[in-house]
Structures are given as structure tokens and as C-alpha cells.
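TrEMBL has this to say about the protein:
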type	residues	note
BINDING	A:16, A:17, A:18, A:19, A:20, A:21	NADP(+) binding site
DOMAIN	A:16-137	domain 'Aspartate/homoserine dehydrogenase NAD-binding'
BINDING	A:97, A:121	NADPH binding site
DOMAIN	A:157-364	domain 'Homoserine dehydrogenase catalytic'
BINDING	A:214	L-homoserine binding site
ACT_SITE	A:229	active site, proton donor
């Protein structure tokens, strides 16, 4: 058997060490990824640590304390420079932060020849100006790749599938789905095909207690997260409407009822949550009358040119009613080829491990795309 | 805006011009693929035609008659040589035939630096010796890629998703699904959650009349097609049992009842089809008693080391009972990360356009993987 041609590991810097960042670190330090990528730097918002360490290697167990003890103040310019001047350059910059500061720098990072992989939705879902600047500085306009599979559906192959459909000449007619793990859980519990009278406020509180919501549940209930995901997908569909201001250009139904919109703190909002129960009970009652359930969905309807995030009603035997459990996402693509029956992808759309997997699978794609030129 | 860096088109030879081959041709001659790939040869089992033609270009409408009229006798050695010596080499060899002659040549084709993309299951599902020879001559052991996304689930992203799970360090526990569009249709009609007493023989005849089955329905009902797909997926799971003889190493339940196994021709088989009805009616009755439906499934159970193609019973509210319609495939991956709720992919798993899409999406992957070195 001929010996394998193994390209050199690709240097990687990981910024952001929250839940997802830690899971990325853990995957990158384990086989099979540990043979393909070489972590040269990790950083949180304040400090960075160059690797490898002169002493023992870092591990998922010890990196936090070593960073705190031996880290240098974070300097983004020098992080990028490490990746672009490394002997095995170009390297990969992982933005696992939630800020919009770093996405604003993607064009600069890419134009220095560095690749970008990120679960951060901000760069792809904000202004069209930033989106275009990122596109202009990345493949196929330059040799630098920028990938964000885990910005929609975490590790589920949503973005790659949409790209494949478009790249092979299919025509997208409609993309429809439950895009928020938090709102999936809340409505799967609140509105079941078989009925039930649980209060909306109770379901939200359980979801918060289980850690399914953001610290302030209004961040999920505002629908903003769903609108951002719709913005990211829309921009991959050549015939979808333009979104000059990104997610804010998308009509988005907020689930914070009018009666609670004047709550100034999350504490006050959570205390007064029952005041919104009547609104949701009525929505559920109306749906039930028609044999339907209530779900918070995102819809990209290419034919009518409408992109919306909203409460929708679905028949009790619809996949959005029956197939969903827990905090699963479900996304259906109706296309010229996949119609009348759509292509459907379903599964956990949130969680540190699966979100990290979306990031590392993008990295494997870059690895394979560079491999031929690095052999 | 900087001008796009556009790599030169990749030369392509397409062998096999049946339903899928024609759909591949049609996609390759249309945007966006027509800018990335240059068809340099098409061939059926007898004749080949070098392209471009000195006169008018070929189209999906005229290629058949031009090939018949101006084609030269097919010479496989010279086809491979065209792709390996082209000024824009290495090219892509598309095997859209159903034979096992060409798959036996993949190692040779790959070792001449040519890439292989195919919807033909034979190469990946036969002996381990051939499978290993193909692997040895392809990436990452050589710079030649070999892809077969459409060998399982046609255009559905089944193989890429499984590769991503494995490549990012997930552990596959179980893969389970309805892998045959034909058997999906037959059992969706025969065994419905709400019941019904249609005869098995009638459903098979309707399926044959609609063109959902092979000309001899026993080719679908033997389970061989499902076993081949299980073999292809198993080989991508490092911890799955070895299959020295490929699909024939997999226990496979045939749906040609014992009473009909002595039918010597497909005509005799179709005439005597009702003789098997009692067997299937009993299976359905047993399932119904337990509130279940009958489906023909493939299962790769990594924990128990079992790979099987068989009739299975599923609760009336299971996704295999409720979510399936028409000839959809549904495949669920239960992994360390995706459990207890699996990652599910569903949609048309057969048909010329979607099968061709699986082929052309593989080609796009090769295009992108070569692009960096071709800029």
C-alpha cells in the first residue's frame, strides 16, 4: 500500500472560549482533527495565549487556568498576523465570540489571506454593505474561505445543502422551518397535536430553568435570532429579495406581548409573564378549532418575495406538529427538483457539541480544499 | 470590487446516457455548471463522441442523434487518456453506467490522476478488495478524488453528512432508514397508520406501472439495492463490522416469497404475484395488532455490530410511519452527539434530476478543492 500523502496541519487561532468555544477546543485537541489542525493561539475577550506551550500541552481541563495565569493582553492585529505569517500559512481564524466587532474585521482578515470560520451570525446577517465586503474578499474572488455552517441549525447540514442546490442549478421556491431550538421547545410543549392547557408563562419559565433560553428570554422571544438565520439563508438564494439592512429588513413577529413591552428589566418581565398568557391561549384556541398547532417559524417564499419570522398554524399531522420533539430544528426546502415533496433536515439545532461540529466540519472542508495545493 | 479569480473549467467525460446520464448532461450544459466544467467526451456503451463539435454545440435535445451518427467506437483507455493528458488536466470521469466493468477500473483511472464521480453503487458495495484498491489510489492517499454522494439517497446529503460526523470526531451509534424509493412507495401504500386492506400484489403492479420499479420488480424486492447502500455507508463508519464480500455479506430479507422463488421469468413472477399476498397480509395484520406499520428498512447498529436489510415494524406515530409519502427516503443518524434524538434527512431518494444533482454537487466539491491550486 502506498504511504498516505499527509498535508501539514493548518495553523488555527480560536477566539471566544464560552460553551461553544470550549467544545471547539475539545474537538480540535482530539483525533481525528488533532492531526489536521495545529492550535497556535486561544483567546477570550481579554487575554490570548500562544501555543504550543513550552511545558505541558493544554487540555480541555487546564486551558482556562493557564490562560488566566500566562495569557497576554489580547491584540487582534497580532493574532491575524500570526496566522498570515506562520510557516504553514494561511491559517484559520475561528470567531466563536458573539460580538459584532470581529465580524466587522472579516474583510480585513480575509484580505490578509487568512480563512475565517464562525458560528457568529452577526457578520452574515447585518448590513448588506458588510456582507458584500466579506464576499468581495473571499473565495471565489480571493483564495480565502469564509464559512458559517453552524450559524443556522448548528451542526445540521443546512447551509451546505442550500449551497449545493443552488450550485447545481436547482431553483429554490420556499424554505420554511423551525429555526430556534428555544422556540421549538416552547411551542412543542405549549401547543401539542393532542391539545393541553399549559400556560405560556409556565413553559417559558421551565425553558429558562432548563437553560434552553438566553439569560434574558426576551432575546429569544423577540424573534431576532430567527430573523438573522433567515437573512443568512436568503443571501444564498440568488432570486430572494435583497435585505439592505440584513435581519432588520425582515418582518419579525415579537412574542413579547404588547402588555409586557414596557417591562424595563428581565426580572420585571419574568415576574409579569402571566400577563401575556391570555394572548397565547387565544392563539392556541383559534388554531385548535381548525385542528392545527402553533409554531414559531421562519419562511423564505421566493415566489412571492416574502421573508418573514412569525407565528404560524400547521395541521396536527404536519411534520412541524408531529415530528418535532425537544429543541429540534426542522428545515424544509421546496425547490424545482424537490417538489411537491420537500427535502427535510431535522435534529438538534442548538447545543455546544453540535454547534462546534458545524465549525469543525467547515474546517475539514477548508483542509480538503487546501490539501491538493499543500501536498 | 475586485475581479473574480476564475479557475479554468475542469474537463469532464460522461459515460452512460440513460435517464440519469441525460440529466447530468443537461445540468452540465446549463448555468452555473457550464462555466465550471467543460464536457470533452460523452459515451454510451458502444460509442463515444469527442467535444466540442466543430459545428454547432450539443444540447440535451440533439446529443443522442449526433452520437449515433458521428460517434466513434468506445475505447475506455483513450477516454481516460483524454482526461489525464488534457491541457487542463486532471479531469473528471463520470461513471453513470450500471455495470461493474468500469468500477473495476477505478483504481487504474485514479492512479492516472483522473477524478471519479459516480451514481453507480457497484464499486463501493462489492468486495473489500476492490474497495481498498479504490481507497488506496484516491485522496488522501493520492491527489485524485472519488465521490459517490448519489449512490445513497440520490441528491440527499447522506454521505457528506456521515463523513462530516466521522471527520469531526462524532461516534456513530446507529444508522436506520428507508433507503429504497421503490420499497418506500410500496409500503407507504400497503401499510398505512390508519389501516387499509389493499393487496401487496396490487401495490407492486401499480408501482411497476408508474415506473417506480426496475423492469423486473424482483430487482427491488430482493433487497439487494438496500444492502448495497448499507454496505456503502458501513464502510464510512470506522467502528462498523467489516464486510469482506460487500453487500453479499449483509443479511438481507428478500420480499420475493418462497412460493414465488421458483418463477423463472419476470412475466411468470408478475402473473403469480397474488400467491404471495397472504404472507404480506399476515405481516401487516401482526403489526396492526401492536399499533404498528410495516416498512422495509436498512439498519447499521454499530453497538451490536449488526448490519441488516429487513422488514421492520414501527409505531404508527414513528417518523417512518407518518412522515413518509410517495417514494421518499428517510435516513436517521443516532450518534454520541445526536442522541437520544437523531439527525434526520428526508426527501426524494430516486429520480433522474435529483440523482444527477448528487453527481454534480460532488463535481462542485472537486472544483472547489482544485480551485485554490488552479488559480
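Glycine is treated like the rest: Cβ placed from N, Cα and C.
Features recorded in TrEMBL, as mapped to the structure shown.
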residue	record	Cβ neighbours (10 Å)
A:16	NADP(+) binding site	23
A:17	NADP(+) binding site	20
A:18	NADP(+) binding site	13
A:19	NADP(+) binding site	15
A:20	NADP(+) binding site	26
A:21	NADP(+) binding site	24
A:97	NADPH binding site	22
A:121	NADPH binding site	24
A:214	L-homoserine binding site	15
A:229	active site, proton donor	28
Task: Proximal residue to residue A:121 (NADPH binding site) among recorded positions A:18, A:19, A:229 (C-alpha distance) - done: A:229
Task: Residue from A:97, A:214, A:229 whose C-alpha is spatially nearest that of residue A:16 (NADP(+) binding site), among the recorded positions - done: A:97
TODO: Give me the Cα-Cα distance between residue A:97 (NADPH binding site) and residue A:20 (NADP(+) binding site), rounded to a whole Å.
DONE: 9
- [ ] Express the distance between the Cα positions of the residue listed as 'L-homoserine binding site' and residue A:21 (NADP(+) binding site) as a whole number of Å.
- [x] 17
TODO: For the recorded NADP(+) site formed by A:16, A:17, A:18, A:19, A:20, A:21, name the remaining residues of the chain with Cβ within 8 Å of the site's Cβ center, in chain order.
DONE: A:22, A:23, A:24, A:96, A:97, A:352
Open item on the list: Roughly how many Å lie between the Cα atoms of residue A:18 (NADP(+) binding site) and residue A:229 (active site, proton donor), rounded to a whole value?
Closed with: 21
TODO: Sort residue A:229 (active site, proton donor) into helix, strand or coil using the DSSP assignment.
DONE: helix
TODO: Run through the domain 'Aspartate/homoserine dehydrogenase NAD-binding' (A:16-137) and tell me, per DSSP, how many residues are helix, strand and coil.
DONE: 53 helix, 20 strand, 49 coil
Open item on the list: On the 0 to 100 pLDDT scale, where does the domain 'Homoserine dehydrogenase catalytic' (A:157-364) sit on average?
Closed with: 94
Task: Integer Å distance between the CA atoms belonging to the residue listed as 'active site, proton donor' and residue A:21 (NADP(+) binding site) - done: 20
Task: Secondary structure of the residue listed as 'L-homoserine binding site' (DSSP, helix/strand/coil) - done: coil
